[in-house]
Amino acid sequence: MTWLQLRLYTQRDSVATLEDQLLACGAVAVTLEDNADQPLLEPGVGETPLWNQTRLTGLYPADSDMHAVLAQLPAQVLENHRVEILEDKDWAREWMQHFQPMRFGEQLWVCPSWLEPPHAGAVNLLLDPGLAFGTGTHPTTAMCLRQLDGMPLRGQTVVDYGCGSGILAVAALKLGAARALGVDNDPQALTASAENSRRNGVQQAQFKVALPQRVAMADWGQQADLVVANILSGPLVDLSDTLISFLKPGGDLLIAGLLSSQSETLRAHYTPVVQLSVVDQQDDWVCLRGKRPSAD
Ligand SMILES: C[S@@+](CC[C@H](N)C(=O)[O-])C[C@H]1O[C@@H](n2cnc3c(N)ncnc32)[C@H](O)[C@@H]1O
């Protein structure tokens, strides 16, 4: 079966109305995309912000009368419209092809569950893309995974603050850490993290997840040998006291989610307690690492 797709371009305020109009005149799906390279980084929980300039694509069955569809839409949105034929494919397979096993450092691999890990003897983390952030494809996650791979984690305790899919906490556990705590302000992320830890054979007692307001030091029971946080620069500044309070004297702090232009400000913010250095850079993103002194 082939499909017809109608592409339209509009401003943020008109998106909801136009989306309803496309569905009302027979679209089986409407896709919204950025039309002006305006990244929307990490929306708050429950927020679905839109781009100022948005491209809408309405998907119609091949036998749709597109002249009749266009006649029902306001003339001003049809200025640059395009109608294209979209050949049908095995879309699930197309999507799955994007996710191949990825290697991080010496021994760590992240593999989708539908493929055999390429090296049975490696540390293989099984993880499928889902609703929570963290598959290993983003530079910030990749840099943290490479750092984890090179750390002596055996027997260590780890806090993964902003755990998303749980990829960093579960990687640390698979690399030998004894216990981990995953914290996220998105309940969906906690569900995903717990599910991913089970899929990777992590014992329930080894991995706890919690919303930030439920995280009392008493629940977790101890300060961690390693605190890792891959969040954006703003939250990393706001959360500095919290992150440091989780970190044992002598423990490591690993931070990502900031651009290289933001690293000096962030380093200055943490310097009174932890001296952070840039340990990796991928594209414009940097990864910082430092040790809390043994006695503050
Ligand atoms: C960039 S993702 C990182 C996910 C995963 N750790 C990784 O490295 O791929 C950041 C995560 O932090 C969470 N987050 C953002 N602000 C937060 C906050 N103030 N407290 C706790 N979690 C937060 C988001 O919900 C998201 O799951």
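Each residue, glycine too, has its Cβ placed from N, Cα and C.
Under the heading S-adenosyl-L-methionine binding site, TrEMBL lists T141, G162, D184, N230. Here T141 (S-adenosyl-L-methionine binding site) comes close to F133, G134, T135, I167, L168, N230, A256: these same-chain residues lie at least six apart in sequence, with C-beta atoms under 8 angstroms from its C-beta.
Of the residues the record lists as binding S-adenosyl-L-methionine, namely T141, G162, D184, N230, the two whose Cα atoms sit farthest apart are 15 Å from each other. Within 10 Å of the C-beta of D184 (S-adenosyl-L-methionine binding site) there are 26 other C-beta atoms, taking all protein chains into account. All protein chains included, G162 (S-adenosyl-L-methionine binding site) registers 26 other Cβ atoms within 10 Å of its own Cβ. In the three-state DSSP scheme, T141 (S-adenosyl-L-methionine binding site) falls into the helix class.
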